[in-house]
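Engineer: Sharing a structure below in structure tokens format, with a few things to ask.
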Amino acid sequence: LACSQLWKSKTRKVWIPDAEDVWKSAKLLKDYKQGDKLLRLELEDGKVVEHQLDPRTMNLPHLRNPDILVGENDLTALSYLHEPAVLHNLKVRFIDSKLIYTYCGIVLVAINPYETLPIYGTDIINAYSGQNMGDMDPHIFAVAEEAYKQMARDERNQSIIVSGESGAGKTVSAKYAMRYFATVSGSESEANVEEKVLASNPIMESIGNAKTTRNDNSSRFGKYIEIGFDKRYRIIGANMRTYLLEKSRVVFQADEERNYHIFYQLCASSNLPELKVLKLVNANNFHYTKQGRSPVIDGVDDAKELINTRNAFTLLGINDSYQMGIFRVLAAILHLGNVEIKDRDADSSIIPPNNAHLTVFCDLMGVTYQDMSHWLCHKKLITATETYIKPFPKLQAINARDALAKHIYAKLFSWIVDHVNKALHATVKQHSFIGVLDIYGFETFEINSFEQFCINYANEKLQQQFNMHVFKLEQEEYMKEEIPWTLIDFYDNQPCINLIEAKLGILDLLDEECRMPKGTDDTWAQKLYNTHLNKCDLFQKPRLSNRAFIIQHFADKVEYQCEGFLEKNKDTVYEEQIHVLKLSKFELLVELFQDEEQSVSPMEAQTGARTRLSVKPLKARASQTSREHKKTVGHQFRNSLQLLMETLNATTPHYVRCIKPNDYKYPFTFDPRRAVQQLRACGVLETIRISAAGFPSRWTYQEFFSRYRVLMKQKDVLSDRKLTCRNVLEKLIKDKDKYQFGKTKIFFRAGQVAYLEKLRADKLRAACIRIQKTIRCWLLRKKYLRMRSAAITIQRHVRGYQARCLAKFLRRTRAAITIQKFQRMYVARQRYRRMQDAALVIQCILRGYVARQKYQQMVREHKAVIIQKMVRGWLARQWYKRSLEAIVYLQCCVRRMRAKRELKKLKIEARSVEHYKKLNIGMENKIMQLQRKVDEQHKDNKNLQDRLTNLENTYSSESEKLRNEVDRLRSTEEEARVNSNRITSLLEELAKLKKDLEETQREKKTIEEYADKYKLETEQLVSELKEQNTLLKTEKEDLNRLILEQAQEMKEKMEKALVEETKQIECELNEERSRYQNLLTEHLHLEARYEDLKEEMTLTMVIPKPGHRRTDSTHSSNESEYTYNSEFAERDEEASRGPEDVPKAPLDMSLFLKLQKRVTELEQDKQSLQNELDRKEEQIHRIKATEEQRNRARGAELEYESLKRQELESENKKLKNDLNELRKVLSEKPTAAISAPGSPAYKVLLDQLNSSNEELEVRKEEVLILRSQLVSQKEAMQHKETMTEAMFYAEDLQKMKDSGEITQAYLGLKEVNRLLESQLQSQRKGYENEVEVLRGELQSLKEENNRQQQLLAQNLQLPPEARIEASLQHEITRLTNENLYFEELYAEDPRKYQFYRISLYQRIIDLMEQLEKQDKTVRKLKKQLKLFAKKIGEMGVFNQMENVSPGQIVDEPIRPVNIPRKEKDFQGMFEYKKDDEVKLVKNLILELKPRGVAVNLIPGLPAYILFMCLRHADYLNDDQKVRSLLTSTINGIKKILKKRGDDFETVSFWLSNTCRFLHCLKQYSVVTLNDDWQVLSDLAIQIYQQLVKVMDSILQPMIVSGMLEHETIQGVSGVKPTGLRKRTSSIADEGTYTLDSILRQLSAFHSTMCQHGMDPELIKQVVKQMFYIIGAVTLNNLLLRKDMCSWSKGMNIRYNVSQLEEWLRDKNLMTSGAKETLEPLIQAAQLLQVKKKTDEDAEAICSMCNALSTAQIVKVLNLYTPVNEFEERVSVTFIRTIQIRLRDRKESPQLLMDSKQIFPVTFPFNPSSLSLETIQIPTSLNLGFLTRV
């Protein structure tokens, strides 16, 4: 009925067959009706097809499961169990979710991803350890954990059967399973057996694995590894069996294949010195390694692999000599393959003499060349009477050579396996084991031979065992639930097995044919045809072949070629060749062939729980070499397989089926055809078929009720859930055969859950539609009412607006008319006024024009008259001048003529004496006249000198010459004549001077023009300089602003770098502290182990054996250096081993010595870590000091730069003054004399300009240098900024250099100087402020000094024992007040306050060191005084003490009892005797009950009492008593913690008291040794870690159930259908933990710690650690559980986290940092609830999930699973988008959080407010022997 209804759904999806994809999904377009032969379907690509039903069966296509069921962890959880559903589910999980593991009932299906996945780390192992198989996602670790758990619970051996094709990942899966066992179980002894078990893998892979076309690391043999466990289920050893090694690969490889890895590893390492003797070369040079033509595997370094192999050999005890022996044998095999055999004739062959490879072979194997070369080409035939030697043909000789090589390799393989087993052999009795079977899967190739026949035969046996086991489990489930069932029919392959192994079966006939002297493959094939053809349905003969046969296996039909069956079954090796090898001098080779004479059958070798490890051919004795008595390979394989099946049947099997997704080794690529083929072959579909034949879907009643509550009416819900489910099912499903009611579950047939899901989805859809309808109606009505109200309001406002607009229009119209009237009047008036004004202006203009014209005419007439007058005057003057010149010329001529006449007369007269006399008389008058003329000329010369300053000296010299000549003329006439001549010359010279003056005037004009031109150029240059000055000012402002911004940025970067560096140092400090504390934990465990071993050595009685106890998964040697081995965690049980361990005393003694040595090493590591911690703290102080020194250096640099700036400013002012003087000179002296090129002013001008140019050049260079220095300083302060900024400054400098503008550089220098000046001023202000602060501090120090002097005066009056205490109390008070003062002072500047705190701590440390030194000195002096007092007492001089002054009596330290104490009655100390110390520790520590002390007494009372006793011992200076009490206290606390370390109250109580004891030691400054102080601190750390472990063990069972599985908000999420492996129900049953359980437990923890008086800061650290454990465990389980990744579960988690935050608020613990530890969990819950579709959603997710790693985000998105059909899955493209956006994150690739991490603990000082004098001891403590002091 249900199925028919499902087929009536038009949109139902079905599966139809397809040639390429095997199955295709299609949607039903038309309802199916009974009798329809065609189905109209629509494929997923939109194509419409018609599907033809089979007319004979009329079977409908398979229905597709609802989308909500797709991607389930268990295939049996699917409602429709058939092949397409299985294939689709696997594909979705593999491709979309990147999940390679899937359950199929009891089978784990593992698909090879061909990619390394981060899901096999130690954190994943810890997460799966101790978990139920169904509670976590499918994983190989889950199968291994289930096997381990069943072995411990059922006391039954287990087996894990791993099968699959070559390349499917069998070896890797088996390797991970063994790694899991080695990690979670640990080992019994120090031998690290688990490491040896794992070390066997590289050895077996190197000698048994090879590259094939399907797999680069294919196992070419089967192996079964038994991992042995003791009674406490820890690994004690292992044993390995091997099956059917592929020996033919040694001598032949197909294309693209390789020989065994070990050969290529040796060839790749042939250059090693120790391997030179092997004479190996490249692998391509050997016949046995080059046939496949693929000597290299991508990504594999054979040389490195050989190193790993050799390391594994060494770890397993195979020393270097044996290793070299193995390599010699392997190298000899390679050389043997290169031995060339030639034809001698048709029936014989020969090896050429001195064959190089055969020579090397003989040298390596230690045999003679002649014997080996002879027997490689000959064989010995023995008859009854004589012996013949027969030669081999070439082909037969080559086969014999290859057979020998295969035989040697098989022997070596068996020898290595034997020695591996010896190394893994258990030294104690094995209690149980887990076997891991890594065996070949079903194989079929184009050519199948003897190897494929044996492999498929083994798979037939395994499949039979698998079918029986599945059938058995299925029927047991029905019987357990007491439901009626019928026998389920399943495929039984016993007929196929009988065909192979029964009497006259294929193997029997094969052995019989091998015994025949002339048996061949053809005769054997004919026997097979005659025996089985047409008699057995499973045996067939090919049509076109007489040398092949076909067998119908459970997986498929396989055709086998008979060729080679007999030869491979015989495995013939000639005895003569073996005899030559036995005579070898090579010990290892002799050892390989020794066991042939001693070998027995595998049946005889089975003498207990062990079987032989390899199949070895049996040979007859030497006396019977002619007869063949050894068993064939087929017979040996059948016996070995039989033993394997007996072993598997005696164990509980667990199945892992490995699937190869594609043949091309592409990562995450799924080929449906190959997958279906393997699913059919490995039995997965058979499991599905068996499950589908019964009741595959199973629900508990509570789960069914929770899921399908929506299908019930209120009246159907009864108090009895079982009856409610029965009534509802009877109504929903009419056919009662479709379901059955069991005791605890409801069983459904296939398809019924899908039908119920359809009904549920329809009901929810109808409810959603109804809710949507109602909500939409309400929303639309609300919208309509809002629109109606809005329309009315709009109408009202529009109408009012229109009325207002009309009134406004009327008012505006009236106003416009009025405005027009007045405006028109105004316009007319203005027009009239403009016309009137224009007329007046025109009149004025015309009248003025006429007057001006008249005036101009009068002026022209008047000027014409003047011009006429001037012209006429000029003409008259010109005529007068010409007339005058002519007259003068005529006078001159006349006078010259008269003078000539007179001269003649004078000459005549001169001849007479009288004439001379007259002449002299006349000469005197002439001289006088000349004198007057000379004076006049002198005046003229003076005037000329005034005008021509450059000719003044010349005129003066000439005047002097004239005077001298006049004097000479007085005496003689000749002189007078000369003088007259000279006057004439002077006149000529005067004319010349006039000409020179004219030339000088012209030069003057030229100079003046040049001066004007230069002045213009200078002014232009000044204007340009001004413009450049303005530009430079703007540039200066920009540079100034840029420098300020860069300074601010640099400051911010420096602060940020300082903060980051501080954080980094704090992180390093925390890491060092954490490392120290972890190492301390290991040290303490080793100490405890050491004590246990000491106790064990002294035990004389036998303690009964303990029961089973599971070890923690973290106790493995594979853990990090901070974890410890499981033997330390189990040390309580170690001392209680049974009688079988008693004889192991020598072993325990060696272990004892090792542990003692380890304790010493750990103490050294502890001391080194303490030194490292001190070094880190010193590094912090050093960084602070370096920062201050850097600031001081920067101040010095700024001071130097300011001085440089002042110097440049002075130079700048000087240049300005020079420029102003130049301008002044040019403006004040413009004359030609000043501006002449030779004038002084001109020279000054040129000199100043040149000096200015040189000065500017120098300043430009200085500016460039200074800027480069500033840039370099800036780069240094910025801690190596990027090269971009540096190039920016370089380009800036280059531009400035290239521009050549000196003035810009000069002004830039000015601005830099100003900037430096401003920085100097700011620093000066800062220094002044600091000086003021220092002055204030000086004043306060003066006051403090006065106060200290007063206190010192008061202390001097106190007794000596109270003096130190009082001074220390005053010092503490002073430091506290100073701290508060500076905290208020530096409240606004936390960095200064931090520096102050560091300096304060340094001062405190110095004070403590000084105090310690003073105390030591005081002690020393006290001891000396005691000795002196004793000597004085002996001498009888005590009476002299009466004369000692009072001050001396006060200082006397040996008489404290005589000092009166008036201020106190008691000193806060307890006195006890040395003998009472044991009683004190016993009553106060060992027998004290924390509950009574915490409730009735003051918190920390034991700590106070112990401290007061210690204080008294210190008061008496009894160091031995102090040390003894401290040691007893520490040992007592350790004993009580060891005894009751699992009790939270005890651990919390002693953690609180230990911390209080430490605080008291600090508060009262009791002097203890540093070692004791450190031991106490280490003890507190140990107790804290023990407290965390106790809380972890209590909280662990609650976290997953309370935070994930329990539905705090009921009804939000429904339970999805689950498969065979049921998960824990989320419904709160009795005994399950809820969130309230966690909160109650947290409250209990908190109240207990508060009652014990634990420090609030320490409580915060404990709470932070608890919340971290809760968050880490919850997130780890969320990441490993697909069913928990849904929207509703995210809401549930967020609600739970909010409850935890509320608990923190109630307890005032929000500042503890506990909330921050939950941030990853909060973000994971938000990730489950946010939208996951668009790129904006991806961006939001990336910004939101900053506390989650990329791997965690992608994992959550991949695991996200909708609970209802209305949710959508996350698309693959969206996940890829997230990965692309997060690929730049630098984070750890680890998937899971480390839930075992313990934060480093600190113990802040918390002084007690309780006065010790008021403490009294209750009588209930039985401490009456203590006396108050």
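Quick reminder: no glycine exception, Cβ is built from N, Cα and C everywhere.
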Engineer: Scan 340-367, 564-591, 1404-1431, 1432-1459 against TrEMBL and say which stretch is down as coiled coil.
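Structural biologist: Within the set 340-367, 564-591, 1404-1431, 1432-1459, TrEMBL attaches coiled coil to 1404-1431.
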Engineer: Looking at 227-249, 641-663, 1377-1399, 1791-1813, I want to know which stretch TrEMBL calls region 'Actin-binding'.
Structural biologist: 641-663
Engineer: When TrEMBL marks a stretch as coiled coil, which of 183-224, 1317-1358 is it?
Structural biologist: 1317-1358
Engineer: Taking the Cβ of E165 (ATP binding site) as the reference point, list residues of the same chain whose Cβ is under 8 angstroms away and which are at least six residues distant in sequence.
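Structural biologist: For E165 (ATP binding site), the qualifying residues are R214, G441, F442, E443, C658, K660, Q678, A681.
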Engineer: For the domain 'Myosin N-terminal SH3-like' (9-61), DSSP counts of helix, strand and coil?
Structural biologist: 0 helix, 24 strand, 29 coil
Engineer: When you average the Cβ positions of G164, E165, S166, G167, A168, G169, K170, T171 for the ATP site, which other residues in that chain have a Cβ within 8 Å of that mean position?
Structural biologist: N112, N215, S218, G441, C658, K660
Engineer: For G167 (ATP binding site), what residues in its own chain, 6 or more apart in sequence, show a Cβ-Cβ distance under 8 Å?
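Structural biologist: Within the chain, G167 (ATP binding site) has Cβ neighbours under 8 Å at N112, T212, R214, N215, S218, K660, K665.
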Engineer: Would you count the other C-beta atoms found within 10 angstroms of the C-beta of G169 (ATP binding site) for me?
Structural biologist: 25
Engineer: Output the one of S166, T171 that, of all these binding-site residues, has the highest number of other Cβ atoms within 10 Å of its Cβ.
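Structural biologist: Neighbour-count leader: T171.
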Engineer: Please list, in sequence order, the residues in the chain of G164 (ATP binding site) that are at least six apart in sequence and whose C-beta is under 8 Å away from its C-beta.
Structural biologist: A110, K170, G441, R657, C658, I659, K660, Q678, C682
